[in-house]
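Trainee: Sharing a structure with you now.
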Amino acid sequence: MAVIFRSISGCITSAESVLITQQSHEELYRVLRHNKQVSSTEQKVVVVSVSPQSRASLAAHYGIGSSEVARKLTSFLKHLGVHHVFDTAFSRSFSLIESQREFLQRFSQREADKKALPMLASACPGWICYAEKTHGEFILPYISTTRSPQQIMGSLVKGYFASQKGVSPQMIYHVTVMPCYDKKLEASRPDFYLSEHETREVDCVITSGEVLKMLEEEKVSLRDVQPAPLDTMFSNVCGEELLGHAGSGSGGYLHHIYKHAAKQLFGVDVDELTYKTMKNKDFQEVTLEKDGQVLLKFAAVYGFRNIQNLVQKLKRGKSPYHFVEVMACPSGCLNGGGQLKPSADQSNKELLQQVEEVYRSEHPSVPEDDSQVAELYQSWLESVGEEKARQLLHTQYHAVEKTANGLSIKW
C-alpha cells in the first residue's frame, strides 16, 4: 500500500481504499464485455483519454516514439471495443489558459487579499490530498481553483462530447490513463460527480503500468500493433504527430504562467526561462528582474520534503514567491507511482532520463494559439472567464478532519 500511495500525506481512509480498488483495468474489461452482450442502444460509449506522461512511459519501455505509441495504443484499445481515444494534452491547454487567467486575477488582488499569492498549482492530487488533510483552512486559499487536465477532460467528455453525440452522460464510460495512482482518488471526489445524471465525469482511472498489464494479458507487444489514425476531436494533432507543451514534465504550469504574466503585466517577452537550482534539483526558482527590482519570482517544488519546507515558509510569512508549481512526486509526474518500472539492467535514473527525452521530443504547442481550443471557448464555454467556464473548468477544496485508518505513508 505504501508503494502505491507514496505521495499522499498521513493516512488513507478505508473509504478511499475502496474507491481506488473499484478503479482498475478489470473494470474497463467488464464494461467492454457488457457492451458485447447487449443491444447497441444499451451499449455505453467507451472513451479513453491518455496522458502525455503515460505515453512517454510506454514509449521509453518499447523504444518507440510518443506519437507512434498514441497511434498503436489507439489501435489496441479500439480492437478491444473502445470507441474513442483522446489526448489529455488537449484538455491541458484549457488548464494552462485558465491558470494564466487566474494568476493575473490573483496578482491584481494581492494587496487586498493576503492569500491571493503565492498561487499554488492544483494539478497534483497527492499534493491536494495532503493540503486538505494536513493544513486545511490555512493552505487552501492559496491553491489554484483551475481543474487538472484529467478533470477538464471529464468536463469535455461528459459535457460537450455527450451533447454533440446526443448521448446521456451516464451512457458514456470515460477512462483516463495516468502516471499516478492518486488520480483515482481525484476522479472519485464528490465535486466531480454529476448528480443530475448520476455519473462521474471520469468513471475509471488506470495507470500506465496497468496499460502494460493489459497488453501483457492480451499477449501483445505494442511494437507489433498496426497503428490506427489518431482521433482528432480532443487531441493536439499536427498531421500524424501529437503536440505537447513546453516546460516541465508535470504540465508546464510554471513555464506558461511565467511567460504570460511577464508579457501581460510588465510587457516583457521571455524567450527562455533560466532556472536556478536551490537545495536540490526538485526545488528550482525563476526570477524576472528589471532595473534591479524583482518583478516575478516563481518556483517549482517537487517531493514532500520540499513541499513541507514551502508550507512552513508560508506559515511564517517568509515565502517570496508569486507562483509555485507543486508536485508530490520527486522529479514530478514523469516519475509518478503509476509509471512503468525499470528493467532488470536499468536504474530508475536511467529510465527517467529516457522518459524525459521522449516527453520533450513532442513539438510544443501554445495553448492560446490553438484554434480548436479557442472555438470551444466560444461555442461550449461562451468565452474565457465567463460563468460557464468557471463552473466547468474550476473546482473547490475542502479541509478534511483527521480521521483515518493506520495506513501511514512515509516519505
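Here the Cβ of each residue, glycine as well, is placed from N, Cα and C on the backbone.
Feature annotation from Swiss-Prot assigns [4Fe-4S] cluster 1 binding site to Cys11; the stated evidence is sequence analysis. Under the heading [4Fe-4S] cluster 2 binding site, Swiss-Prot lists Cys124, Cys180, Cys329, Cys333.
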Trainee: Given the binding-site residues Cys124, Cys180, Cys329, Cys333, which one's Cβ is surrounded by the fewest other Cβ atoms within 10 Å?
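Mentor: Per-residue Cβ counts within 10 Å for the binding-site residues Cys124, Cys180, Cys329, Cys333 bottom out at Cys329.
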Trainee: Once the DSSP letters are reduced so that anything not helix or strand counts as coil, what is Cys180 ([4Fe-4S] cluster 2 binding site)?
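Mentor: It is coil.
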Trainee: So, in DSSP terms, is Cys333 ([4Fe-4S] cluster 2 binding site) helix, strand, or coil?
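Mentor: DSSP assigns Cys333 ([4Fe-4S] cluster 2 binding site) to helix.
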Trainee: If H, G and I count as helix, E and B as strand, and all else as coil, what does DSSP give for Cys124 ([4Fe-4S] cluster 2 binding site)?
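Mentor: For Cys124 ([4Fe-4S] cluster 2 binding site) - judged by DSSP and reduced to three states - the answer is coil.
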